[in-house]
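K.L.:
The structure's right below; bear with me while I get my questions together.
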Amino acid sequence: MLDSNLFPYCDGTLHCEGVSLEKLAEEYGTPLFVTSRNSLINQYRAFEKAFAGLDHFTCYSVKANFNLHVIRTLSEEGCGCDVNSGGELFRALQAGVEPGKIIMAGVGKTASDIEYGVKSGIVMLKAESVSELRLVNDVAGRLGMKASVGIRVNPNVTAETHPYITTGDSKEKFGIDEADLDEVFDLLKTLEHVDLTGLDMHIGSQIFDANFYEAALEKLLDVLAAARSAGFDIRYFDIGGGFPVTYEPQKPATPIGHFAEKLIPLVEKTGTTILFEPGRFIVANSTVLLTKVLYRKQNHAGKEFVIVDAGMTELIRPALYQSYHEIVAVSQHNSVMVADIVGPVCESGDFFARERTVDRVKEGEMLAVLSAGAYGSVMSNNYNGRLRPAEVMVDGDNAKLIRKRDSFEQLIQNEVF
Ligand SMILES: *Cc1c(COP(=O)(O)O)cnc(C)c1O
């Protein structure tokens, strides 16, 4: 849910902090992502407050929203970064994050991703296979360096969430199976350019039930004991991300304090620094996607369609994960209708909502798709020749363009013609 203090209706018009969304749409056009800077800060601080009693360090998962200003806002608060590729590492470094605050994930890191990470001096690369460990050793050896490595363990816990975002099940591609860890420890003793410094898990996203974390953590704690008795000095114990947010008022997310209560007692005596990798929790409710109603039409059965100028190319979550997003009119109405809110892309899956009760908006009016800050703009693309949207960040009464809308020229700039 959006924080209504940061996204209030003033004089019947939805605002982001002190700025009218009508005005932003006029100035920057639509579709437009609008992010509340103070929402980012509040969420990060809420997370830090929940885990304040624990020796920990939080690495924002850049993949949820990789805009440089988003990364920098969090970094200025003291937050680190979890990156998934060389490209995300580049973004984090460009945003000014120190390498000493960056960790790197990724089930398919290339030799160049690994080289970039090791050379940059990041805290830890999290390896997900025996072959990757060997490659890290080769790359670090070639550079004459020693790579700090964590092992991502697959705890074989199936967190209850959408099947596309459960990642801790042994049927999924992520991490190294517990059963293989003895072999991994033996191998690591022979790899001269790898220093095992951490253990890691990430069991999925939008996880409401802390029991899944507890079950996975118990396994990771066994691995910690095994690693220590094999002689490794484990300094980082990485619990991953996945902490939930509220998208639907009827399905409120478990408060972060509940996770803290359950998890802190399990890990506070490990003698390690606990790492967290929240993504969605920090950014999901910081941002709305503003979109204009292009057309309304009814089919012969009387079904109402609202065709808007944003679609799956801007926010793919409904199409990819059957996700629910609240949709509200930017100018308040006093009557409602039931309609499908659909985008302009040539796919039947291109919808934001089906059979939804929404404000009775007219053509030319503006809708706001809420909770669009996580896995929104980062997944936007140019399918159908669409221009990736502009992004604006609001801080109090000030709005700043933080990403320009794509141009037609950009659509073809990399083609050799
Ligand atoms: C995606 C991802 C995260 C962030 O997940 P959220 O659900 O957005 O918190 C953290 N760690 C890893 C390894 C990931 O792949």
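Each position is counted from 1, following the chain as shown.
Note that Cβ sites are derived from N, Cα and C of the backbone, with glycine treated the same way.
Among the features that TrEMBL reports, domain 'Orn/DAP/Arg decarboxylase 2 N-terminal' is placed at 39-284. Annotated N6-(pyridoxal phosphate)lysine per TrEMBL: Lys63, in sequence order. What TrEMBL records for Gly242, Glu277, Pro278, Gly279, Arg280, Tyr375 is pyridoxal 5'-phosphate binding site. What TrEMBL records for Arg280, Arg317, Tyr321, Glu347, Tyr375 is substrate binding site. Taken from TrEMBL, the feature active site, proton donor applies to Cys346.
Provide an account of the burial state, proximal residues and distances for the features listed.
P.N.:
Regional average pLDDT for the domain 'Orn/DAP/Arg decarboxylase 2 N-terminal' (39-284) in the model is 96.
Within the same chain, residues at least 6 positions away in sequence whose Cβ sits under 8 Å from that of Lys63 (N6-(pyridoxal phosphate)lysine) are Val83, Asn84, Glu88, Gly279, Tyr375, Val378.
The Cβ of Gly279 (pyridoxal 5'-phosphate binding site) has 25 other Cβ atoms within 10 Å, all protein chains considered.
Neighbour density for Tyr375 (pyridoxal 5'-phosphate binding site): within 10 A of its CB lie 22 other CB atoms from the protein chains shown.
Counted within 10 Å of its Cβ, the other Cβ atoms near Cys346 (active site, proton donor) come to 9, all protein chains included. Look at Cys346 (active site, proton donor): DSSP puts it in coil.
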K.L.:
Arg280, Arg317: which of these binding-site residues has the highest Cβ count within 10 Å of its own Cβ?
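P.N.:
Per the Cβ count within 10 Å, the most buried is Arg280.
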K.L.:
Tell me which recorded positions (Arg317, Tyr321, Cys346, Glu347) have a Cβ under 6 A from ligand 1; sequence order is fine.
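P.N.:
Close enough to ligand 1 is none of the recorded positions.
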K.L.:
Output the one of Gly242, Pro278 that, of all these binding-site residues, has the highest number of other Cβ atoms within 10 Å of its Cβ.
P.N.:
Gly242
K.L.:
Cα distance, Tyr321 (substrate binding site) to Gly242 (pyridoxal 5'-phosphate binding site), nearest Å?
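P.N.:
With the alpha carbons as reference points, the distance is 15 Å.
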